[in-house]
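Read through the structure below, which is laid out as structure tokens, and then see the notes.
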Amino acid sequence: MCPIPLPLLQIAVFSPVYSPFFGVMGATSAIVFCCFGAAYGTAKSGVGLTSMGVLRPDLIMKGVVPIIMAGIIGIYGLVVSVLIGNGFSQTMSLYAGFIQLGAGLSVGLAGMAAGFAVGIVGDAGVRASAQQPRLFTGMILVLIFAEVLALYGLIVALILNTKASDSKC
């Protein structure tokens, strides 16, 4: 005869006390890595903007576009972190914790890569478009392709997070 009732034993096996740790790490990964990417993109593009602004101060408002796009990447991480945080419970399954970790890492690492790309393209593109204004449209297109990398991570994270909320012990 088992001293622990079967339903409690199932909860202990499928919902260990450390399960929420993985969800918390997912939420942390989402915001931290996305903010790393957004900060790098903002800083790198900002350096290009200030360099360009010395010679062409009339183009500063057009050159702010990469900085705005870098900031949006941080918002993706914030959204996923809040959604993951809303799914926390004390008796969550290990499966849900791992899914939340995967969701956070997918948006976080994709956001970091996109932020690096936006920063490098924004820096070079803003400087180049100050010398040749026809390059502005091309810069915007490349920035969109760089930004969509973070959007892919956001989509995967949202799909994963819905799977975590569907899991039951």
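Note: Cβ is positioned from N, Cα and C throughout, glycine not excepted.
Just so you know, TrEMBL annotations are computer predictions that nobody has curated.
Taken from TrEMBL, the feature transmembrane segment applies to 20-43, 64-88, 94-122, 134-160. According to TrEMBL, the domain 'V-ATPase proteolipid subunit C-like' annotation covers 25-84, 101-160.
Among the listed stretches 64-88, 94-122, 134-160, the one sharing the most Cβ pairs under 8 Å with the transmembrane segment (20-43) is 94-122. Predicted-model confidence for the domain 'V-ATPase proteolipid subunit C-like' (25-84) is 96, expressed as mean pLDDT. For the domain 'V-ATPase proteolipid subunit C-like' (25-84), DSSP puts the residue distribution at 57 helix, 0 strand, 3 coil.
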